[in-house]
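> TrEMBL lists these features:
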type     : residues                                                             : note
BINDING  : 429, 431, 866, 870                                                   : Mg(2+) binding site
BINDING  : 429, 430, 431, 544, 591, 614, 648, 729, 730, 731, 840, 846, 869, 870 : ATP binding site
DOMAIN   : 40-106                                                               : domain 'P-type ATPase N-terminal'
DOMAIN   : 892-1142                                                             : domain 'P-type ATPase C-terminal'
TRANSMEM : 82-98                                                                : transmembrane segment
TRANSMEM : 303-324                                                              : transmembrane segment
TRANSMEM : 360-381                                                              : transmembrane segment
TRANSMEM : 927-944                                                              : transmembrane segment
TRANSMEM : 956-976                                                              : transmembrane segment
TRANSMEM : 1006-1024                                                            : transmembrane segment
TRANSMEM : 1044-1067                                                            : transmembrane segment
TRANSMEM : 1074-1093                                                            : transmembrane segment
TRANSMEM : 1113-1133                                                            : transmembrane segment
């Protein structure tokens, strides 16, 4: 490869990361000890010393199974389910003489169900396998030892390999950075896949490697040894040493490039592979997501255990009766057996009166096998199939597809579909979730004058609440020009400063310094489009990008970063022409959450040293010099107004630096950053803190993080559905409150319960610095405020049940509220409020609040967020929803379902959630109904035959009932049924409360379906038995035997359970018609085909239909009569319920049926007959208006009477 010209950009003195020359301190003293034993021979991956280490390869596997482990491991997974294990035991018992049916008829359905589940597991795992193949087959340039870098697949990398990674490529393993295209060997890395952050990180190699390794050919004789820590999950630390050219140098995280991060704004880097495959830090960090099961699934397990109890109880009782009957058989008849047809004299144990106790024990095992049909063998696999198909519908819903980013909804797990219809509380992040996390520069305050005429969404909401004052003087005779294309990050409109008009302002000099600071004080990287000449920027955050864009649009265009500093174009005040200026960039004092500010030290063209700084108001105002506070009062006013308008603000200030002062600072700063001691960061903070003092105020910026489209309407609709909405944000309380009003989370009628620690007493203690006293006073204050809030809510319930409250609490107060002694009080207070906003919340607090709500209420919680700081909250909640926004994919990868916009939550919950809950609930109830119907007929027939373990049906009739004759209709119900249409789900959002209160899967409804099954079975058995008891069945005089009675009963069961399905379905499609009537038709087809097979296989079913059942009129009449008799009670019950005791969804069905959907009075009446009163949103406002007029109760009474 030819020589590459290295970029000459010296940045080693700019940043506060460790210097390239540093001495050993105690941090590296434990190299070679326990936990620090890894040795890497660079450029010698195949040497004997390397191979003896036997490090992991770079092949990464995320699959659950391997080809060798798939069968045993998946079988183990299937038989962990108690129902499947039960059927395995009965299948094994069917191989013994105790079996009432043939072994193959028991084992074949079980094999079918297990195989279907294993195929589903295999398909899902194959999807993961394909992702692994794509990842492992990526290619990177690897040094081959002959001066050439050849492209190799990632999976073939070994520890010690030298690789060359080029711009916009991912790092294939954890690499030690050796050198880069920049002369100082820095590089820019994007770690979005690791921590969700989109900002670029700066990495830098050691000088000892970068000075020697420039080109591909330099690596021919490279020999180096790395001794470092063993593989671990810590992304932010790395301890090691490098032995190279007889020098031993310390290594830190600054030299480590992590797998799955991306190289940005750097042409290429060289690196040595240190950790591969599952030893890399990103894989070490990957943990299996917490196992989540829906409440319905957990309740279904309880029903299964109940059915087991019923089966064992029936078997136990039947065995006792059988033992007594067997013992008394000969006694009653003077030595002769009454049940001679059972041939007791030939029996070894069963039916032998001499061994009645043992016969009873053996009968118990036989009965357990016979009654196994009470347990639906295909229930689990059917539910899995249904949930997968439901997820397909969610993934392909065009109304949840976001065209701008080409992102559809993605159900990453299908286990929680029905849980979407049961959400009681939503806990939401704000930035990037409710808002776009796409910042726009919209206003600014310079020299005490407010600029910017844009109106924010919060201001519009404020205007609706009250008559607020404008943030810009309204008496100016101006015309606002809003023409021109929309510019990302810039929504500033003010003719006083745009198009160079700032030079005409009274404070033009201050304006110039203000915009210069925006153009210089940042870490953005310019990218020039060679075709168009336009400049775009890569910035650490959306805020910073908006500042640089704003400076460019206002005439201060930053366009280049060189080794000497930064270059920008501006309008010269003297000449009136655009000139290029170059500021030498000396130091960058980086932003972090503790400092809350960022500064640069530059030297301008006149040789002056300047410190330019921007940061949070509470940090910056206290750093102003006495002579630098000229505009402080006005600027504070504007900052407060901007916060009220929901804007994010920063204060801009500067000062001139004395040469001697800078020399001293530079010396101390370099010493501190080159230190590797434990207090390095503290030293740096102390030195920078001294420098960032005595500043002169320039003004403030205000950027808007715009609400996502549809957020207010979505929140309003969810609130109408009775869902409580909590917002957990890191923003200021004022900003969060105003965002709450803008998105209709708060409304004017609400009483706000505000809990904070801004009391004079606590402020005085904070000034005194008495830590223990501060904690005690803060705790007492929070408890007192919570008690006052609870009293306020309790008092309102006595006076009026329609009062709505909102709880707003800050992060400091939340720390005490979440303590074990007070968290129940906090939860009681919060659950009594319609809306809850937690401000200044840390990621840990978000997770703790989510856990508190989930465990404390026992209701379903849903967390929604878009950033890495939301991962704990998403995993802690019952359902985690990830927003695929601009903060990376960490939240999405940790979520259960991913959507592109918050507004799609409305359709996901109110439509898909309600449908899935209704379908799964009805499906499980129906499953148990049909199995109880079938199982009770088997039990009754056995009881009728004195518990002789005689099955009522042919072996294959028994086996195929759940698999072929009744399963497809219930699967179709779970996939396609709709109790109400999507339009009515939106129109009547309170319908959603049926799922929150679990009305459709309550024990009352479950037992009701079970009793319906018992009644149906009793009717089928006795009607069939009695109708065939006293008559000749055919012209030859033959009476009905077991095969005739069994065939008739089985026909009735197939007809009744499928017709019951037809009555239960609310929304018929052609699929339902095919599977319902097809199941019935398939029974007759099967009966004819099976009956035509030789008697050695078909046994007593041989030609039973064609020669016995079909020709007999009584067979058809009995079937018809039984169908009518068994279904009339259910039909009458549903009719009475619909007419006199309708559920909420049944009211809506009546509206649709009677054509009242466009009758506003009738619709409003049904809205008012809610399961839960609404306290948030437009409906609540209307209801409050009616109440205030004094007509509410009278109108409601009239409506109920009319209904």
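Including glycine, each Cβ sits where the backbone N, Cα and C put it.
So where do these features actually land, and what's packed around them?
The local packing around residue 866 (Mg(2+) binding site), expressed as other Cβ atoms within 10 Å of its Cβ over all shown chains, amounts to 30.
Long-range Cβ contacts of the transmembrane segment (82-98) within its own chain (Cβ-Cβ under 8 Å, at least 6 residues beyond either end) map to 105-107, 110, 113-114, 301, 304-305, 308, 362, 365-366, 368-369, 372, 375, 377, 379-380.
Distant neighbours of the transmembrane segment (303-324): 82-83, 86, 356-357, 359-361, 363-364, 367-368, 371-372, 374-375, 924, 928, 939, 942-943, 946-949, 1006; these residues of the same chain sit at least 6 beyond its ends, with a Cβ under 8 Å from one of its Cβ atoms.
Non-local neighbours of the transmembrane segment (927-944) in the same chain are 303, 307, 314, 318, 367, 370-371, 373-376, 379, 382, 950-953, 958, 961-962, 966, 970, 1006, 1009-1010, 1012-1014, 1016-1018, 1020-1022, 1025, 1045-1046, 1049, 1053, 1056-1057, 1060; each lies 6+ residues outside the stretch with a CB under 8 Å from one of its CB atoms.
With a cut-off of 8 Å between Cβ atoms, the residues of this chain six or more beyond the transmembrane segment (956-976) that come close are 101, 105-106, 108-109, 112-113, 373, 376-378, 382-383, 385-386, 389-390, 393, 919-920, 922-923, 926-927, 930-931, 934, 938, 1046, 1050, 1053-1054, 1057-1058, 1061, 1064-1065, 1067, 1069, 1071-1072, 1075-1076, 1078-1079, 1082-1083, 1086, 1090, 1101.
Below 8 angstroms of C-beta separation, residues 303, 925-926, 928-937, 940-941, 944, 1045, 1048-1049, 1052-1053, 1056-1057, 1060, 1118, 1121-1122, 1125-1126, 1129-1130 of the same chain, each at least six residues beyond the ends of the transmembrane segment (1006-1024), sit close to that stretch.
Tertiary proximity for the transmembrane segment (1113-1133) is limited to same-chain residues at least six positions away from its ends with a CB under 8 Å from its CB atoms, namely 1012, 1015-1016, 1019-1020, 1023-1024, 1027-1028, 1031, 1033, 1047-1048, 1051-1052, 1055-1056, 1059-1060, 1063.
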> For residue 648 (ATP binding site), just count the other CB atoms lying within 10 A of its CB, please.
21
> Quick check on the binding-site residues: of 429, 870, whose CB has the lowest count of neighbouring CB atoms inside 10 Å?
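Relative to the other binding-site residues in 429, 870, 429 has the fewest Cβ atoms within 10 Å.
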> Tell me if the transmembrane segment (1074-1093) touches the transmembrane segment (1044-1067). I count contact as 3 or more CB pairs below 8 A, with pairs 6 or more residues apart.
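Yes, these stretches are in contact.
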> Which Cβ among the binding-site residues (591, 840) has the fewest C-beta neighbours inside 10 Å?
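Per-residue Cβ counts within 10 Å for the binding-site residues 591, 840 bottom out at 840.
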> When neighbour density is defined as the number of other C-beta atoms within 10 angstroms of a residue's C-beta, which of the binding-site residues 431, 730 has the lowest density?
730
> Give me the DSSP three-state residue breakdown of the domain 'P-type ATPase N-terminal' (40-106), ordered helix, strand, coil.
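Residue counts in helix, strand and coil order: 32 helix, 3 strand, 32 coil.
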> Over the span of the domain 'P-type ATPase C-terminal' (892-1142), how high is the average pLDDT in this prediction?
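That stretch averages a pLDDT of 87.
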> Nearest to residue 431 (Mg(2+) binding site) in three-dimensional space, by Cα, is which of the binding-site residues 591, 648, 730, 840?
730
> Of the binding-site residues 429, 866, 870, which one sits closest to residue 840 (ATP binding site) when you measure Cα to Cα?
429
> Rounded to an integer, what is the Cα-Cα distance in Å between residue 591 (ATP binding site) and residue 870 (Mg(2+) binding site)?
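Just about 21 Å between their Cα atoms.
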> Quick one: pull the CA-CA distance for residue 648 (ATP binding site) versus residue 429 (Mg(2+) binding site), whole Å only.
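Taking the Cα atoms only, residue 648 (ATP binding site) lies 16 Å from residue 429 (Mg(2+) binding site).
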> Please name which of the binding-site residues listed here, 429, 866, 870, is nearest in space to residue 730 (ATP binding site), Cα against Cα.
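That would be 429, nearest by Cα distance.
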